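Enquirer: Have a look at the structure that comes next, please.
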Amino acid sequence: MKKADAPARARELRDRIRAADHAYYVLDQPLLADAEYDRLMHELQALEADHPELVTADSPTQRVSGAPSERFERVVHREPMLSLGNVQSDDELQEFDARVRRLLGLPDGEPVGYVVEPKLDGLAVELVYRDGAFTSGSTRGDGVNGEDVTANLRVVGGLGANRGVPHALEGRPPPRVEVRGEVLLFKEHFEAMNRQLVRAGEAPFANPRNAAAGTLRQLDWRVTARRPLSFIAYEALLPGDDPWRTHWEKLEELAAWGFETNAENRRCRGLAEVLAYRDRMAERRFELPYDTDGIVVKVDDLDWRRRLGAASKFPRWAVAFKYPPQEEATRIRRIWASVGRTGVLTPVVDFDPVRLSGAMVARATLHNEDEMRRKDILEGDWVLVRRAGEVIPEVVKPLPERRTGAEQPFRFPAECPVCGARVVREEGEKVYRCTGAACPAQLVGRLCHFAQRRALDIEGLGEKLAAGLVERGQVKDFADLYAVPFEVWQQLFSRPRKEQDAGAARELPEKSAQNMVAALERSRKTTLRRFLFALGIPQVGEATAATLARHFGGLARVMDADEEALKGVRDVGPETAAEIRAWTQEPQNRRVVERLLAAGVTPEAEVVEARGPFAGKTVVLTGGLSTMSRDDAKAEIERRGGRVSGSVSRKTDLVVAGEDAGSKLEKARSLGVRIAGEEEFVRLLKE
C-alpha cells in the first residue's frame, strides 16, 4: 500500500471495526462473521505497525493488551472517596440545608447555591491523567483503598457509546488530574447484553448495577471489552489548589476535556429549587436512559465546601436523597404452583403487567401457603406490587375494597402439575412437595443448583439449557453433564436466524458450545464445600457445607460419617445429621458421586486459617458492601475460619453492617452484639 493511502485506510478500518462492535454488543445485530472481523483487526494492527504515526489513542488496537490478570492490586486514593449520607424525607433535606447554613454562619434568608444531579446506580471509580494521558484507574473500594482496574477501564466505552473513558484529554488539561465518576450500563445496552447472554445460554444479570460492577471487576479485560459500559464524570481533583470557584465550573471543564457529564445536572439557588428539581426527577426517573434511585445535592461554592469539611464517613457539603420504593396496583390473573429442585411447590402470582422501577413486571412468588393466607391473597384480587430493593417483584398486600365477590382462594393441586405424582404436605411442614422421584422439573432445578455460581460455577448453564438436556433424555443426574456430546450442545445453542445474519449465525452455536465445554472443564476443579453444596443434600446449605468440609477435611469421610459423627459437627443438629446420613447411604446418590469423581471432578479441602479475627466466629452480613459482593464477603470470612449466619442471636460474634442495613442491625444493637462497618470489616480481613 502506498504511504499516502495509509491514513485513509486506517480510518476506514477503525470505523468499520467500531461499527461492528457497536452492532454486535450494543444493538445485538451482528454485521460481520468472526473471521471477517479478525481479518480487519489484523489488517489494522499491521498497518499501524508499519506506520506508527497513524496510531490513535482510541484505536480498537489500543484498547488494552496482555493476558488476563490473576488479581487486582491495591490502590491508595490520594484523597478518600467518601460515600454520601442518605436522607429520605423533606424534613431531612431541610435539616441538611439548615446544618450547612449554620456551619457557614449564613444570615437568615440567604440561600445556599447547590448543584443537583440524578443519583447514578453504578460503580464509582477514579481515573488518573498525567499530561492529558490516562495512566491508571481504580474502584472506590472502602473509600481509602481501591482496586486497580486500569486494564478494564481502558475498554469502557469502546463500543461506540460516546460515553467512555477518554484515553487522551482534549483542550489544555493540567499536568495531573484525578477524575471521578460512575461506570454504569444504560438501559438499552443492559437489555441488549442480557438478550445476548440468554441467546448464548447464559444467565442474564438481575439489574444494570450488578452487571456494571461485575463487568468492571472481571480479571479478564476481554470480558469487559465485550460489554457496553459507559462512564459519566462528576468530579475533578488537582494535587494543589483548585483553579475553579464552583463545582459547576468543574463540570464545564470536564466536558471541555472530552468527558460525558450528566445532561440532567442543574444549579439551584436555595432549598425550594432543590425540592422542585427532586419532584421533577421523581416523575421522570423511569423515562431516563439509566437507572436512578434518587438525587445528589452538593454545595456549589468550593470555598464553602472546604470550610464545611467532612465527618468520619460523609462530606458535610453533600447528601443523597433516595426515592421511596415505587408501588403500583394491578390485578391477579392467576396463581399457580411452580415445582423446584427439592419437589417443593411454590405459589407463583401472574398479574397484569405494570412498570416498576423502569421495568415491566408481570410475576412474583409467594413463599408458601401460610404467607399467602397471612397476606390474604386471592385469585382475581387487586393487589399492590413493588420491586423489593428495586429488583425482586413482590406482592405487598391486597386491596380488599376493590373485591367483587368473584375472587377465590388458591388451592394447591393434589397431583404434581409437571409429572402427575402425588402432592403432600407433611405434618409440621409449611410446604407442599411432589413425591415423584423422576419429576423432570425437580431434575432441571437440581441441575441449575449444581451449576450455579456458588456451587460448581458452570457458567452459562441455566434453566433453558437444563430443560433442553432433560427433554432430550441426555441428562438424568449431575454426572451426565460431563458426557454430553459436543453436537448436542451445538443443537441446544442453535436457533433460527434471519438470512442476512447467516455468516455470524453459523459460528455462534459452535462458539457457545465451546464455551460450555470449557466451563464444564473448569468446574472439574472445585472445593469440597462447593461440591457438598452442589449435591443438594437436604438441609445442607452453603454454611453447613463449609462446616462439614472443615470438620471432616475430605469427601470420603463425609460420605462414611454416621449420625453420631455428624451430630458432633458444630451447628449440625440431630435432624440435619439424619438427613445427611440418609442421603449419603442412598445407593443411587453414592453412584452419582462415584460417577462425578470418575468424570474428573476433584473436590479438594480448603486450607482454613486457624487464627485471626474470624477464626471460630459466627458472623452476620447485613446491608450492601461497596468493596465486594455478599458472596465474596462470605467466602472471605469462611476462608478465615469463620461461619456466616443468616440471622442475629446471642451466639452471633460480629455483625458487618453495610449500606442500608436493616432489622438485623437493630437486633444486634439490642443484643449488644459487636458491629463493624465496611471499613473496619475490610481492615479485619487484612489482619
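From the backbone N, Cα and C atoms, a Cβ is placed for every residue, glycine too.
Because the structure is a prediction, the values reported are computed rather than measured.
Summarising the annotation, Swiss-Prot assigns active site, N6-AMP-lysine intermediate to K119 and lists sequence analysis as the type of evidence. Positions annotated as NAD(+) binding site by Swiss-Prot, on the basis of sequence analysis: D34, A35, E36, Y37, D38, S83, L84, E117, R140, E182, K298, K322. Positions annotated as Zn(2+) binding site by Swiss-Prot: C416, C419, C434, C439. Taken from Swiss-Prot, the feature domain 'BRCT' covers 609-687, and the record attributes it to sequence analysis.
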Enquirer: Rank aside, I only need the closest one: which of the recorded positions K119, C416, C419, C434 has its C-alpha nearest to that of K298 (NAD(+) binding site)?
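Expert: Of the recorded positions K119, C416, C419, C434, K119 has its Cα closest to that of K298 (NAD(+) binding site).
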Enquirer: To see if you understand the setup: which same-chain residues, six or more apart in sequence, place their Cβ under 8 Å from that of C439 (Zn(2+) binding site)?
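Expert: In sequence order, V339, G343, C416, V418, C419, A421 meet the Cβ cut-off.
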Enquirer: Just to confirm: which same-chain residues, 6+ apart in sequence, have a Cβ under 8 Å from the Cβ of the residue listed as 'active site, N6-AMP-lysine intermediate'?
Expert: T292, D293, G294, I295, V296, A320, F321, K322
Enquirer: Tell me the Cα distance separating C434 (Zn(2+) binding site) from E36 (NAD(+) binding site), rounded to the nearest angstrom.
Expert: 52
Enquirer: Write down the Cα-Cα distance for C434 (Zn(2+) binding site) and R140 (NAD(+) binding site), rounded and given in Å.
Expert: 48
Enquirer: Taking DSSP three-state, what's E36 (NAD(+) binding site) in: helix, strand or coil?
Expert: helix
Enquirer: So what's the mean pLDDT when you look at the domain 'BRCT' (609-687)?
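Expert: Its mean pLDDT is 83.
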Enquirer: Check the residue listed as 'active site, N6-AMP-lysine intermediate' against DSSP and tell me helix, strand or coil, would you?
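Expert: For the residue listed as 'active site, N6-AMP-lysine intermediate' - judged by DSSP and reduced to three states - the answer is strand.
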Enquirer: Would you list the DSSP helix, strand and coil counts for the residues of the domain 'BRCT' (609-687)?
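Expert: The counts are 28 helix, 18 strand, 33 coil.
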Enquirer: Distance check, please: Cα of C434 (Zn(2+) binding site) against Cα of L84 (NAD(+) binding site), rounded to an integer number of angstrom.
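Expert: So the alpha carbons of C434 (Zn(2+) binding site) and L84 (NAD(+) binding site) sit roughly 49 Å from each other.
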